[in-house]
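Beneath this line is the structure, given in structure tokens, with notes to follow.
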């Protein structure tokens with residue numbers, strides 16, 4: 001039975017999803033959940049890319065105690081040095097170095113010859129090996145690279161000290177047959193194939209990321225890279241939950257085992273979906289809302305008689321608890337804290353007190369507080385506590401001729417209260433125009449989405465917005481409230497606050 005490592009890049013490649021932007025606290029929260037999930041390696045970011053990314057990688061490296069943390073780096077000494085500095089507090093640091101090997105990338109992006117690429121790989125892998133025990137090399141766009149040159153580049157990296165070789169299907173171009181053959185070729189040509197770890201990194205442009213990752217495992221890969229929910233650039237990455245469950249359900253075929261705690265997938269998926277603002281499609285494999293629903297009468301009859309007739313995956317396997325009892329206003333602190341632990345949250349004593357207080361307020365307004373309500377409660381508490389601006393007052397009124405007016409008062413982190421008013425063609429536009437005046441920013445709303453957290457007339461509204469500022473930076477905001485307009489204002493204020501804070505940090509860096 002072979003052991004397959006899981007390498008999660010939700011915080012790096014996953015964050016490249018348009019409209020997704022995690023802050024430091026959110027990234028730490030995700031990383032801690034990935035640790036509970038049993039992920040072997042967490043790719044925390046690209047330290048050289050920005051001061052913010054450096055600080056995120058540094059914070060995650062310090063917070064994680066039971067798995068490896070890695071950072072991305074180009075074949076540049078400065079990148080490697082920056083990664084070393086960011087990861088110095090990690091219990092088990094690794095580095096991930098990449099350089100393109102396809103002709104189109106070398107000619108048009110790198111403007112380097114094959115000889116220059118090989119020399120760069122040799123030098124920088126050797127340089128990194130002096131600083132890290134585990135060095136992973138990725139020949140970017142491997143599946144469109146000349147096969148002989150790809151093998152030469154991989155051999156060069158191994159000879160220079162690489163301990164992990166990752167084969168990226170950067171643009172989602174390959175198929176399972178071709179990808180499996182590529183790993184067979186590597187196994188035949190690379191003399192140290194069994195002495196180091198080979199990995200796959202697949203994209204889903206043609207809908208084959210999971211199939212390609214499994215083909216790689218079938219043909220010798222011992223590490224799989226991907227993200228939770230398959231989020232990522234363009235069509236996304238390999239969905240790790242799909243690979244993990246496939247290996248478990250078809251252990252007879254793949255003969256593989258992992259460190260993954262399968263019943264933590266639902267918690268992981270829910271957390272990342274809410275923080276990213278990307279809902280999980282209902283028909284998504286493994287963790288979609290319809291994954292265990294049966295509409296056909298024949299199917300329903302079969303499942304009632306024996307679930308094995310139509311279910312190869314039980315809901316409980318991935319952490320879907322259909323029998324979880326809702327909490328109510330008579331539920332005590334112990335029951336609440338126990339449920340938080342079951343849902344995967346790690347809260348400090350003060351956070352527990354604050355969350356329980358909010359829970360009691362919520363329980364007074366709702367007959368039953370469901371697990372979805374609790375996820376929203378923790379998400380709201382986490383996001384609002386990190387905000388520099390808090391909504392204190394909102395008033396909307398009809399003016400004339402279909403025009404709406406809004407008065408908004410916010411409190412800044414230093415306690416200062418500011419208030420302004422504006423109009424718009426509707427309530428939402430009036431509120432957002434007012435917030436723009438208060439924040440003194442030129443903001444474009446690019447996405448607005450509202451959903452009910454639970455069923456019923458007493459459901460809370462959860463609003464997600466995506467905005468773009470005048471510098472082209474994109475920010476995501478979440479607002480939760482029983483009142484739709486208040487939830488909308490909270491979401492927009494949060495996103496605008498992130499934009500304003502980021503602009504201040506950028507200005508500070510320029511002054512430095």
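Here the Cβ of each residue, glycine as well, is placed from N, Cα and C on the backbone.
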Residue in 237, 259, 263, 267 which Swiss-Prot records at the Mn(2+) site where 13, 201, 203 also bind: 237
For the Mn(2+) site built from 13, 201, 203, 237, further residues of that chain with CB within 8 A of the site's CB center: 9, 168, 170, 202, 209, 225, 226, 227, 232, 233, 236, 238
Residue 203 (Mn(2+) binding site), number of other Cβ atoms within 10 Å: 26
Average model confidence [pLDDT] within the region 'Regulatory domain' (390-512): 88
